C-alpha cells in the first residue's frame, strides 16, 4: 500500500510536525520572554479556598483583634492587651513524640539570610565544628518573623526575648559554646571564661575567641567575611530606642506577670483582716479580687493568676484613660515603618514589610482591628533546619517531610486553642476585644492526602476503563490489544516526561488529569479500532479471497425487508458481518483505492498551521501538550493498520500464486495423459499438505493465522465475528435496528438536528446570562496581593529604564484607594538606579531587607543578576467589601495591561484577587472567549473534513463542525451557570470527546457517498441500493455506539464510587461533567449522522436520477454497455454473470420488419433461400437508405452492421422498438442493445408506489420482476400488424384535420421537423401503391421504425431562434446529461423534484417574450416562484411625455409617423389628466364613519 494512499498515516505525520513546531515555539517563547501563561486570552483561574497563602520561604498565620463596639484601637490600652497575647504565644509549647518544642523551633527567621550560603549542604561539611556550632546557636537566637504594631515600640524586644530565650538558659548556651571551643584548641592554650545572662552577648564573646583560633583557609569564603556576618547579625538584633506602647509605664517593666509568684505568696500568707486590707490597698484590689486570689494555688494555678493580674492592669489603665479613651494615643502609627529589631545596618530606616498601616484595618469603623502575622517555616525548610541541627549535635536525623508537616500542624492546632482561650479570658472581656484566626486550620495532611487520592483515582479509573474495554471490545485478541495499549501509553509517557516538564517538574493537577483523560479515551478508541480491523473485520474478508478480482458487488445487495422487530437475530448478525466485510474489502483489496488524498493536500496541511497557531496563541498555550498526549497513539495505530492491510494484500498474492501453481499442475497432469488416474481418484498429489480442512461447514486454513472462508451453505458467522459475549452482540443488534428505524423515519433527521441546534444556540445564550456568583466565606479571606515581575536579560543599559517604569507603576498603583503597600522594594530600586552594582551591594549589605522585600531574586554571583530578574511587590486590601475589591481588581488589570510590554508581563497573584478577578472580570469575557475558541475549532474541523473526505460539500462540512464545537459550548454553558473551576479542562475534553463520537460515522458516510457519486472514477464500486437496503456507514455508527456505551458504563460506576467513598468526593463533580459530556457527544453525533445522511441521500438521488433515469437492472446494463463502448486500458472486464440477465437459445435484434410478410415461416427457415429473395434485397436497400437519411450514418457502416448479423433476413427476428428496454425510454446514447427472448421487458413502474426505489441511493437487483422464459414476449407478427394499423388510422385522421384548418408547426411533436428535429423520428410513408407481384392490389402502408442511434447526438442543420422557436426538452436533456455539472442557480425557484433539464427548459428565454403568442400545441411550462416579482422588475417603465429630446440631430433617424404618434398620445394623456383634475368630488370620497 502506497504511503500517499494511507491517509491516516499522512495525517499523523502532518500533526506530528505541527505539534513539535508548537513545542519549539512554546520553548522559545518561554526562554526569550516570559512563561507561557501570558499567551492565553483567558487565564486559568482556581479557587484555593482550603490553601494557605504561601510565599517562597514561609507560611503566614493571620490573627485579628477586633473591638466589639468599633472603637479605635490605636491606644496604649489595646496595644497593652495585644502585648499580653503575644506573651502567651511566646510561651506556647507543643509535645511531639515525647519531646517538647516551642515556637522558636518552627518559626521563620529572616536573619538567617545573613548566612544563606554558609549552611548549605555543600558548604557545611567544610566548616570547622566550632563554626558550625556558632552558626547553629545564632540561628536559634534569631528573632521570628512577626508583623505587629508593637514593632514600633520597645515592647517587641521583650516578645522576641521570650520567644528566642535571650535571657533564659544562658548557662546551657554558654556550656555548649565553650565545649566546642575547647575541642578546637590544644591543651596548652589558654581557656577563657565567659559569663553573661544575655544570649547575644555570649555569641559576641565566643565568636571573638573562635575566630582567633588558627585554622586552614576556607575555600568558599574567608574568616573575615564570616566574622563580618556575625557582627551584622549582632547589630541587626540590637534593640531600638526605648519607646513604650504605654506612656504611663517604664519600658523596663515587663508586660507579663514575671513576679506573680511573690504577689501570690504574699496574698495567700496574710490571715489577718487588717493586713489584708493594707495589701488590698497596696495591690489596688477591687471587690472580689481578694476572694479570687486566696482560692488560687501559686504553683498549679499560675496561668489564672497571671490572667487576673493582666486584667487588673487593664482596669487601672481604663481608669487613667477614661476621659480620653476615644482619642487614640498613637495616631501616627499607620504612617510609620515599624520594623522593630528587623532593621539592617542602616538603623534610621525600616522595612516596608512592617509598615504600620498594615497592622490596622477596619471592620465597622476606622482602625477598629489589630492585625498580627506569624511566619512559620515551610515543611521543607523545617526539615532542612532539623537535619542541620541533628548533624551539628552529632545525632542521626529521624526527620522526614511527613514529620515536619505533622509538627507544623500541631503548632497550628495549639495556636488555635491559644487564640480561643485568650479571646475568652478576663482581660479580653474587660476591653471587649475578640481574637480570632483569619484562616481556618486545615485538616491534618489534607494537601498530601489530596495528592495521593488523585493518584489513586487516576489509576483506578484507568484500570476500570481498560477492564471494561478488554471485556466488551477487545474480543478474543485480549493480549495483543492490551500490549499495544500499554505500548502506546508507555511511549506517550516518555514523550510527556521529556518534552512537557516545566522547570524539571510535572505537576499532578487538573491539567494533568485532563491530559490523562484525553489520552486514555483516545488510546482506547484507537485500540478498539485496530482490534475491529484485525480480528473481526479482517476475518470476514478472508471469505472473498477466492475471487481475486472481485468487486464485491454481491455484498451490496442484501435486502432487509425482513429486519423488523420480530426478525431473526441470526439474519441481522449475518447482514452486519457481510457489510463489515464489504467495508474493509474496499479499503484493503482495491488496487485503485477509493480513499485518495485531495489533489492539493499539502496546501490544506499548510492551512492547518495558522489555524492551530491562532488556537495556541489566543486560546490555550498548552495545546502542544495535548498533541503530544494524542500523537503516539495516532502514529502507532496508523502503522498498525497499514501493516494489517499489507498483510491482507500479501496473503491475497500468495493465494493467487497458489492458484496459478495448481493450474500449472493440472495442465501438466492433463498433458501427461493422466486423465484416467484423475477421474479414478488416484491422481498424483503434490508434496504440500492440504491447505484447507473442513470443520462444521466452515473451511479453515491449515496453518496458523491463515485464511478461512465461509461455506456457501450457511450464513452462521459466529465463528468469524467472535464477540466477547452475548451482551455485546445484543447491544450491536439493538443499535443497528435503532439506526434502521431512525433512518426510515421521514422527519427524524429534521427533528433531531433541530433539537441539537436549538440546544447549542440556547447554550450560547446562557453564556451571556449574568449569574450571581457566590462570595468567599469571611473567615477564609486572605487580603494580600502580590505582583510578580520576571524581567529577562537585565543589563546595565536597561537597568535605568526598568527603574523608571517601576517608578511610574508604583505611582499609579499607590493612587488606588483601599490598597496598602506591604513591600515593593521601591526604596531599594530608587537608591540603586545608577548602576546594577549598587543593587548588588545593597543585597550584600542589607540581607534582611533583601530577604523580605525580594524573596524571588537570588543572584548566583554578586557580579550579575539572574535571568530572568524576578522580584515581587506585595500589597494588602484595606477593605474586604465586595464592591471595593472588584473596583481594585479592575484597576489592577488595567495597570497590568498597560505595563505588559515595558515590564515583561507582570502577573498578579492573590486569593482575593483571583477570586474576585474571576467573578468580576473573567466571567464577563468568558462567553466571548468560548465563542472565539469555537469559531477557531470549527475552522480546524472543516479543514480536517476536507483533508479526509472525498468530494466534500459545504453544508455537511459546516454541520459537522457546528455540532462538534457545540459540545464545547454546551459544557461551557454548564460551567458558567454553576461557576465551576478548571473550565479549560472541561471544554477541551468536551470538544475532543465530541469529535471522537461524530468523526467515524460522518467520515464513513462521506466516503460511501463519494464512492456512489464518483463511481466513474473507480473500477470497483458498490452496487446501487434502494432505500430499503442497508448502508455501509451503519457499521461505523454501531462501533461508535459500542465504544461510548463502555465509556458511559465506566463513568456511571466512577460516579457511584466517588459518591460513596469520602476520599474521592472531590472528583464527583468532574465525573458528573464527564458523563454529561459523553451524553451530549452521542446526541450531537446522532444529529450529525442524520443531517449528513439526508443531505447525501438527496444529492445521490439527484445524481442518479439525471444519470440513469432508472435504478433497475436495465440501468445497470446501460451503464455497462456505455463502458463497453468506451473502454479504458486499465479497466477490468465486467462479466455478464454479475447481472440478472439469463442467456437464451435464440437471439433477437431490434430492426424493421420485412416488406413481404406473406411467406410461411417454413420458407424463412432456410437462410440461403431467403437471402436470394429479391424482395428481401429491396427491403434491405430501403432500410439502408432510410437509416442513412434519418440518422446521417455512412452507408458503409450501415451495410457492415447488417452484414454482421446473419439472422437479419429472418423475419421473425425483427422486433419493433417502439418500446424501451426495461420500460424506460432510450435515446441514441444507449447504443444498439440486443434483446434476449428469455427475458421480457418489465412493466413500467408506478410513479406513486416506486418513487422511492427509482430515486434511492442506488438501484438494487430485483429478480422477481423478470419472467423466467421467453414465452411472455408474445407474437412479433401480431404486434407488428397492430402497430401498422394504428399508424394508418392516425395518418388518415391527420389528413382530414389538415384539410379543415391550416397546419401549424408543432415543434414538440417528434414527427414534425423543426429546430431540434430535422427529420421525423418515428413514421414515414414509403409507398401507397401495392407491389406489382403482390396478389393483393389494395394500397398498403409500410411503416419503418427509426433504430436507436449508435454514436453522438445528430448534427442540427440550423440553429434555433430563441425569440420565435419554442425550446425542445430533448435539447435540455442532452445538455444536462453530465452528472458533475453544477446545478442551476434558479433551481431553488422550482419544486425539488425538478431536474436540471426541466429547470433549464422552464427558464428558456422563449417563454419570456412569447407568453401571449404561444402556438396551440405548445403549453406554457410552470412559472418560477418569483415570476410576479420578476415581471414587475422587467416591465418597461411608464412613458415620460415631458421628456425633451437632446439638442442636435439624432444618430438614429426617427420616422415622422413615430413623432406624430407620440404627439397624439401625449395630447390624449393631457386630456385625461385634465378630466381627472376637473372631476367633482364624489360623496363616497368624503371621510366619515
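Placed from the backbone N, Cα and C atoms, the Cβ positions cover glycine too.
Annotation source Swiss-Prot lists signal peptide at 1-33.
According to Swiss-Prot, the feature transmembrane segment maps to 454-474 (among others).
Summarising the annotation, Swiss-Prot assigns transmembrane segment to 489-509 (among others).
Under the heading transmembrane segment, Swiss-Prot lists 513-533 (among others).
Residues or ranges marked as transmembrane segment in Swiss-Prot: 600-620 (among others).
Positions annotated as transmembrane segment by Swiss-Prot: 622-642 (among others).
Sequence-remote contacts of a segment are chain residues at least 6 beyond its ends whose Cβ falls under 8 Å from one of its Cβ atoms, and for the transmembrane segment (749-769) they are 742, 926-927, 930-931, 959, 962-963, 966, 969-970, 972-973, 976-977, 1083-1084, 1086-1087, 1090-1091, 1093-1094. What Swiss-Prot records for 749-769 (among others) is transmembrane segment.
Per Swiss-Prot, the feature transmembrane segment maps to 931-951 (among others); the stated evidence is sequence analysis.
According to Swiss-Prot, the feature transmembrane segment maps to 958-978 (among others), an assignment based on sequence analysis.
The transmembrane segment annotation in Swiss-Prot covers 986-1006 (among others) and rests on sequence analysis.
Among the features that Swiss-Prot reports, transmembrane segment is placed at 1041-1061 (among others), with the record citing sequence analysis.
The list of residues near the transmembrane segment (1066-1086) in space but at least 6 beyond its ends in sequence, with Cβ under 8 angstroms from a Cβ of it, reads 450, 453-454, 457, 513, 517, 742, 752, 756, 963-964, 966-967, 970-971, 974-975, 980, 982, 986, 989-990, 993-994, 996-998, 1001-1002, 1040-1041, 1044, 1047-1048, 1051-1052, 1054-1055, 1058-1059. The transmembrane segment annotation in Swiss-Prot covers 1066-1086 (among others).
According to Swiss-Prot, the region 'Interaction with fem-3' annotation covers 1138-1288, on the basis of similarity to another entry.
Residues or ranges marked as region 'Disordered' in Swiss-Prot: 1143-1176 (among others).
Per Swiss-Prot, region 'Disordered' is recorded for 1233-1393 (among others).
The compositional bias 'Basic and acidic residues' annotation in Swiss-Prot covers 1275-1298 (among others).
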Cβ contacts the transmembrane segment (931-951)/the transmembrane segment (513-533), at least three under 8 Å, sequence gap 6 or more: no
The transmembrane segment (986-1006) touching the transmembrane segment (958-978) per 3+ Cβ pairs under 8 Å rule: yes
Selected stretch (most C-beta pairs under 8 A with the transmembrane segment (513-533)) from 600-620, 986-1006, 1041-1061: 986-1006
Local confidence of the region 'Interaction with fem-3' (1138-1288) - pLDDT mean: 47
Per-state residue totals over the compositional bias 'Pro residues' (1444-1456) - DSSP helix, strand, coil: 1 helix, 0 strand, 12 coil
